[in-house]
Amino acid sequence: MKILGIESSCDETAISVTENGRTVLSNIVASQIDEHRLYGGVVPEIASRRHAENISWVAKAALEEAHCTMDDIDAVAVTYAPGLIGALLVGVSFAKGLAMSAKKPLVPVHHIAGHIASNYISHPDLEPPYLCLVASGGHSHIVEVKDYTHYHVVGRTRDDAAGECFDKVARTLGYEYPGGKFIDAAAKLGDPKAYTLPKPRVTGSEYDFSFSGLKTAVINLVHNAQQKGEEIDREGMAASFQSTVAKTLVEKTLLAAKDLGYTTIGLAGGVSANSGVRTLLQSECEKRGYKVYMPDLKYCGDNGAMISCQGYYDFLAGKRADESLNGIATLSLDAISE
Ligand code: KG4
Ligand code: ZN
């Protein structure tokens with residue numbers, strides 16, 4: 001079964017064709033990041049306009065690369081939530097038009113469920129149930145993946161998402177937006193013990209995250225040094241910050257795994273590309289004899305293949321939308337699992 005998957009929730013216009021939820025036949029990603037970088041973050045109005053300009057040719061290219069026409073496609077899947085509302089609406093409107101004109105079923109897909117599904121592409125043997133750490137620019141979740149379409153969020157961030165924190169710390173250290181990958185590269189050259197940073201803690205829920213205190217600590221250290229005319233060891237700060245985030249993400253995930261009885265762990269979302277998080281999760285899982293699954297680097301960030309793969313499982317579960325489908329800016333995974 002071939003699914004055409006459309007992703008436009010943030011700044012990537014991405015469309016893919018996959019087969020049976022696991023095999024990628026095409027994966028086209030039109031990134032707008034060079035334009036948003038000028039403003040230090042994603043400008044929603046610009047994102048919507050660029051999606052509208054790009055979406056038709058991205059769809060054509062995805063079909064061509066998969067050697068398909070719409071006649072070969074069994075269903076159209078689209079990210080409808082969560083995300084920037086104007087950006088989502090471009091994908092949703094296009095998907096509705098395409099599905100209706102080609103007389104194909106329309107399948108609404110949750111963006112975070114899509115990130116989780118990126119592991120099905122990279123790991124044909126992975127099957128639920130398992131526990132997944134999802135860390136992206138907009139979310140930091142510990143999720144029980146009960147089956148392919150049912151989730152329970154056991155931990156979430158109380159303030160900044162992990163990726164957002166990477167990007168803000170990167171900006172403070174003088175790196176371009178989005179700075180997560182620059183912190184990652186700098187951290188490889190620095191000493192993770194160069195700076196002592198507060199370990200994020202949340203009272204009341206041991207699986208929840210809070211990254212704003214850590215972010216503020218880095219910003220204060222950098223500004224104080226600047227005021228005194230002192231040099232900041234950028235690589236050392238990047239390494240200290242990254243190791244603090246990695247420890248927090250991994251410790252809480254493994255605590256939840258132990259308490260809830262999971263021995264299979266997944267990692268997903270843009271921050272799953274981070275080498276510090278990947279290495280620590282891998283080694284801590286190995287120590288415990290847990291199985292660990294991480295997406296290939298090209299499927300960590302937003303892409304159409306993850307939406308297409310999740311669309312396959314949502315299709316099998318009977319999820320369908322009609323022409324009344326709307327974009328939804330905020331929608332939890334728990335809400336779609338009832
Ligand atoms: O999942 P994603 O592509 O978009 C959202 O759904 O938010 O995640 C983007 C986030 C950005 O904050 C970006 O800086 C971060 O993922 N990111 C990284 C790395 N690569 C991307 N963070 C840390 N290390 C990386 N190597
Ligand atoms: Zn994402």
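Backbone N, Cα and C atoms are what each Cβ position is placed from, and that goes for glycine too.
Caution: TrEMBL annotation is automatic and unverified by curators.
Look at TrEMBL and you will find H111, H115, D302 tagged as Fe cation binding site. The substrate binding site annotation in TrEMBL covers V134, A135, S136, G137, G138, D167, G180, D184, N274. What TrEMBL lists as domain 'Gcp-like' is 23-308.
Sequence features annotated in TrEMBL and their locations in the structure.
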{"residue": "H111", "record": "Fe cation binding site", "Cβ contacts under 8 Å, 6 or more apart": "E7, S9, T79, A81, P82, G83, D302, I307"}
{"residue": "H115", "record": "Fe cation binding site", "Cβ contacts under 8 Å, 6 or more apart": "V134, S136, A268, G269, M306"}
{"residue": "G138", "record": "substrate binding site", "Cβ contacts under 8 Å, 6 or more apart": "C10, P82, G83, A161, G163, E164"}
{"residue": "G180", "record": "substrate binding site", "Cβ contacts under 8 Å, 6 or more apart": "G163, F166, D167, A170, G270, V271, A273, N274"}
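Apart from H111, H115, D302, the Fe cation site neighbourhood in this chain, defined by C-beta within 8 angstroms of the site C-beta centre, holds E7, S9, C10, T79, I112, G114, S136, G269, N303, M306, I307. Of all residue pairs in the substrate-binding list (V134, A135, S136, G137, G138, D167, G180, D184, N274), the one with the greatest Cα separation is 18 Å apart. Within 10 Å of the C-beta atom of V134 (substrate binding site) sit 28 other C-beta atoms, taking all shown protein chains into account. Candidate binding-site residues: S136, N274. Fewest other C-beta atoms within 10 angstroms, S136.
Secondary structure at V134 (substrate binding site), taken from DSSP and collapsed to helix, strand or coil, is strand. Within 10 Å of the C-beta atom of D302 (Fe cation binding site) sit 27 other C-beta atoms, taking all shown protein chains into account. Ligand 2 lies within reach of S136, D302 from the binding-site residues V134, S136, G138, N274, D302, judged by a C-beta closer than 6 angstroms to any of its atoms.
Screening the binding-site residues V134, S136, G180, D302 for a C-beta under 6 A from any atom of ligand 1 leaves S136, G180, D302. H111 (Fe cation binding site) falls within a helix when secondary structure is assigned with DSSP.
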